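Participant: So that we are looking at the same thing, I have put the structure below in structure tokens.
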Amino acid sequence: MDDFERRRELRRQKREEMRLEAERLSYQRNDDDEEEAARERRRRARQERLRQKEEGDVSGEVTEKSEVNAQNSVAEEETKRSTDDEAALLERLARREERRQKRLQEALERQKEFDPTITDGSLSVPSRREVNNVEENEITGKEEKVETRQGRCEIEETETVTKSYQRNNWRQDGEEEGKKEEKDSEEEKPKEVPTEENQVDVAVEKSTDKEEVVETKTLAVNAENDTNAMLEGEQSITDAADKEKEEAEKEREKLEAEEKERLKAEEEKKAAEEKQKAEEEKKAAEERERAKAEEEKRAAEERERAKAEEERKAAEERERAKAEEERKAAEERAKAEEERKAAEERAKAEEERKAAEERAKAEKERKAAEERERAKAEEEKRAAEEKARLEAEKLKEKKKMEEKKAQEEKAQANLLRKQEEDKEAKVEAKKESLPEKLQPTSKKDQVKDNKDKEKAPKEEMKSVWDRKRGVPEQKAQNGERELTTPKLKSTENAFGRSNLKGAANAEAGSEKLKEKQQEAAVELDELKKRREERRKILEEEEQKKKQEEAERKIREEEEKKRMKEEIERRRAEAAEKRQKVPEDGVSEEKKPFKCFSPKGSSLKIEERAEFLNKSAQKSGMKPAHTTAVVSKIDSRLEQYTSAVVGNKAAKPAKPAASDLPVPAEGVRNIKSMWEKGNVFSSPGGTGTPNKETAGLKVGVSSRINEWLTKTPEGNKSPAPKPSDLRPGDVSGKRNLWEKQSVEKPAASSSKVTATGKKSETNGLRQFEKEP
């Protein structure tokens with residue numbers, strides 16, 4: 001709330017200031033109106049004094065007081081304004097006196113006009129007195145307000161504006177006389193008039209007013225005593241006016257003389273003050289000049305002394321710098337010698353390192369060749385094992401087929417036995433229906449018939465097995481009846497139909513096996529083609545590696561040569577710098593480090609300076625070499641990469657069973673291709689068989705075994721021999737990796753079972769052996 005009140009008060013003050021500023025501007029514009037109103041008031045007051053000549057001393061005193069108040073108020077207003085020069089003041093005084101004389105004459109003429117009607121004038125005196133009293137009261141009240149306004153704050157200046165508007169109305173009433181007294185307003189408004197001058201003007205006006213009052217009194221007495229004495233009164237008035245004029249002239253001259261003397265005294269005083277001030281300023285300037293000259297003299301002496309000191313120090317500095325330069329030259333020579341030796345040692349170490357790298361590389365290649373030979377032997381061994389496994393599988397498959405055929409024959413025999421029993425039952429029924437004459441008469445014959453019936457199925461089964469095995473049929477034994485022949489014929493017909501069905505099924509299975517064999521042959525051809533493509537890719541990579549190695553050696557030779565040239569050039573530059581010893585201390589500022597120390601600790605600081613110089617120069621040489629190497633980093637990126645790979649490969653790998661050999665970069669890429677399955681037609685893993693091979697199972701394996709055993713020349717021509725394997729052949733690496741992974745105890749449980757799991761030599765997928 002207090003903040004709100006404070007802001008509101010500030011806004012109110014700003015509005016008030018703006019309003020007062022506007023009123024001040026209007027007041028300045030209305031100064032002329034105020035001056036005209038003051039002149040109008042004085043003119044009316046003088047007229048009223050002339051009109052009140054018939055009144056008593058009371059009215060005279062009232063007019064005197066009002067005039068004095070008016071003059072005092074005007075004087076107070078005039079004290080706030082500035083005056084012109086002395087000549088303008090005198091001219092204004094002269095013009096004012098002339099106008100006063102004219103106004104007196106006009107008053108006398110108006111008095112003469114009032115004389116014939118003196119009674120009317122006496123009757124109207126009270127009324128005019130009341131009007132004059134009202135006007136005088138208003139004028140005095142206004143003048144008092146003007147006086148109080150000058151003592152108040154700026155907020156109360158609004159009253160002055162309103163009164164100025166009222167005075168403008170009064171000016172319109174007496175516009176004609178206001179025009180006459182425009183110049184008088186300028187005279188009565190002197191700028192910066194002192195209070196003494198205002199008091200003198202007031203005293204003069206008071207004296208003239210008193211004389212006018214006396215004059216009016218005498219005129220009133222003469223008029224009352226006798227109207228016939230008008231001429232004498234007029235004469236006395238004119239005499240009194242002349243006398244007053246002379247006295248006023250004397251008083252004016254006296255005042256002018258006093259004013260001139262006062263102004264002259266003030267001018268002399270001002271001139272003396274100015275002169276004294278000028279003398280003081282002159283003395284101060286001289287003092288400043290003297291102090292400045294002394295300061296300059298001291299500064300010049302100081303500069304001379306400092307210059308001499310600097311020259312002495314510079315000479316000492318040059319001597320010390322010369323000694324330091326000689327010492328540094330000796331150090332530089334020793335340092336150059338050390339650098340030369342260090343460069344030679346570095347070159348020697350570099351050559352030894354390169355030789356070691358070459359040896360390591362040769363050792364690596366030898367080991368790689370041994371690995372390839374071992375992989376080749378392992379491949380041959382695996383091929384032999386695979387062949388033996390295929391033979392064993394073939395025998396096992398043949399045995400299974402025989403068992404299956406035996407089971408089928410047994411089932412067919414059971415079926416035939418059942419059919420034979422049915423037929424025997426039918427034959428028994430027919431026999432019973434035959435006439436009794438055909439039946440055997442004796443029990444001996446019946447027993448014989450029963451035995452024959454029991455033997456007949458056995459002989460039929462025997463004949464069937466003999467026919468299947470290729471044994472010729474034997475003739476019927478003696479004592480066998482002819483009834484067995486139709487039974488055998490019927491059984492032969494039934495068994496022949498079943499054999500035809502089995503033969504048709506066997507032919508359909510053989511056709512399927514042929515189709516699957518053809519598909520397997522096509523897949524083998526594709527695998528051979530892919531293997532040939534891989535071999536070509538490996539050959540190209542090997543050639544590319546050899547070419548890159550040759551280029552790398554050439555670049556290394558060029559780099560060695562360039563480094564030697566750079567070392568020789570720097571040595572020559574260092575020798576030239578040592579020969580050019582600077583004669584002055586200017587070039588010493590360009591040195592990397594200088595140490596000027598006190599004599600006590602000079603030895604330690606010089607040693608420290610030498611160390612810093614050496615380190616600075618070494619740091620200055622290293623960036624140059626680094627920039628030279630970095631400038632060719634794009635062209636040498638492959639060289640650095642191959643060198644890093646060679647360094648890593650140069651480390652001898654421990655032949656542990658759990659560690660894998662570190663292959664070359666090309667072999668690693670091909671190995672990743674093998675692992676991703678991009679080489680094969682299908683991306684299946686080594687452990688998961690193909691869908692087609694999974695469907696083949698026994699038949700495909702038997703056909704593959706037949707293909708391996710019957711057509712060995714077809715296998716030799718497209719498939720590369722173990723001797724055809726190149727140093728970076730991927731198959732050898734892959735088989736070696738598989739061998740080592742098989743040897744691991746952790747992987748043995750998953751890859752090697754009780755019967756064993758092995759991969760084929762031609763890149764075929766693994767076929768698990770049936771348990």
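In case you wondered, yes, glycine gets a Cβ from its N, Cα and C as well.
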Participant: Look up region 'Calmodulin-binding' in Swiss-Prot and report which of 653-659, 674-680 it refers to.
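Facilitator: Of the candidate stretches, Swiss-Prot labels 674-680 as region 'Calmodulin-binding'.
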Participant: For which of Tyr165, Tyr640 does Swiss-Prot record the feature phosphotyrosine?
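Facilitator: Going through Tyr165, Tyr640 one by one, Swiss-Prot flags Tyr640 as phosphotyrosine.
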Participant: So if I draw a 10 Å sphere around the Cβ of Tyr640 (phosphotyrosine), how many other Cβ atoms end up inside it?
Facilitator: 12
Participant: Where does the mean pLDDT land for the repeat '7' (337-349)?
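Facilitator: Average per-residue pLDDT within the repeat '7' (337-349): 88.
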Participant: Can you count helix, strand and coil residues in the compositional bias 'Basic and acidic residues' (104-115) using DSSP?
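Facilitator: Final tally across the stretch: 11 helix, 0 strand, 1 coil.
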Participant: What is the number of residues in the repeat '7' (337-349) that are helix, strand and coil, as DSSP sees it?
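Facilitator: Residue counts for the repeat '7' (337-349) by secondary structure: 13 helix, 0 strand, 0 coil.
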